[in-house]
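Participant: Next up is a structure, given as structure tokens.
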Amino acid sequence: MGKQSGKNKKSHGEKSGESNFRQAKANENSARTYDKDTAVFILMSQELKDEGNRLFQKRDYEGAMLKYEKAIKLLPRNHIDVSYLRSNMAACHMQLGITEYPRAIHECNLALEVTPKYSKALLKRARCYEALNRLDLALRDVGTVLKIEPNNLMAIEIAERVKKTIERQGPRENEIPMDLVPLPEYLEPPPLPQPKVLKEKARKKKSNNVEEKRVDGKAEESKDEKGRDEKESEDEKGRDEKESKDEKKRDEKERKDEKKRDEKERKDEKGRHEKESKDEKKR
């Protein structure tokens, strides 16, 4: 009787250990599926961002904003590209005229929520504040940039210009109100779409089939599982290498696009201030 009881306990312990192993494996597969889904959405977002950049270069600012907005909705809430896309949307609003500057400021605020010391967003917001005669706020933003990047040429130019304007205008200058236009409401990125649920069901069905196979022969199931793990490992390694190469290419392209955009913005800014200076001399 005693020996039989010991065998039952041992058998129960083996079943419990096997159950825990299956649960751990299921959790691991679930996390891996989530990561794969996220990677797909990030890749789709990158493609939309590139399309938006091409439209921006063609001066189709509204079309570019639509692409950027769609790209944002595909990204995790605090993904680094969210700040880049929000900053690009701010640039689009700025190109549409001064009445769009409050919207541009709103986009910069959203970019800075994700990356608080993002100099591109700080400088765009500073330029908007300067145009709206909120010189104290403009000076604050360029001051923040100069603490991070003391040699930033655009920040130095804006700071010098704003200081001269403050000296010329004096402290009692009427300021343009910030509520020129109502700000749009932005939706938070949606939860992962339906394909994940379908994959979840497919994986459960597959897991049930594996359970049936285990009844027929554990050795065969173990061999199949080992083969699957090896294949998944090889596939994942290949994907990681490809993603790394793609990421490197995208970063290089983004730097070039950003440089072109900055040069264009500086040129437009310089032209605007030269025109203002001529108009002021005529007056």
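Each residue, glycine too, has its Cβ placed from N, Cα and C.
Because TrEMBL annotations are produced automatically, they should be read as predictions rather than curated entries.
Just so it is clear, the model here is predicted, and its values are computed rather than measured.
According to TrEMBL, the compositional bias 'Basic residues' annotation covers 1-10. Taken from TrEMBL, the feature compositional bias 'Polar residues' covers 18-30. Here TrEMBL flags 208-283 as compositional bias 'Basic and acidic residues'. Summarising the annotation, TrEMBL assigns region 'Disordered' to 1-30, 182-283. What TrEMBL lists as repeat 'TPR' is 45-78, 119-152.
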Participant: Would you mind splitting the repeat 'TPR' (45-78) into helix, strand and coil residue counts from DSSP?
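Facilitator: Helix, strand, coil within the repeat 'TPR' (45-78): 27 helix, 0 strand, 7 coil.
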Participant: Which numbers of helix, strand and coil residues does DSSP report for the repeat 'TPR' (119-152)?
Facilitator: 27 helix, 0 strand, 7 coil
Participant: Between 0 and 100, where does the mean pLDDT of the repeat 'TPR' (45-78) sit?
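Facilitator: On average, pLDDT over the repeat 'TPR' (45-78) sits at 94.
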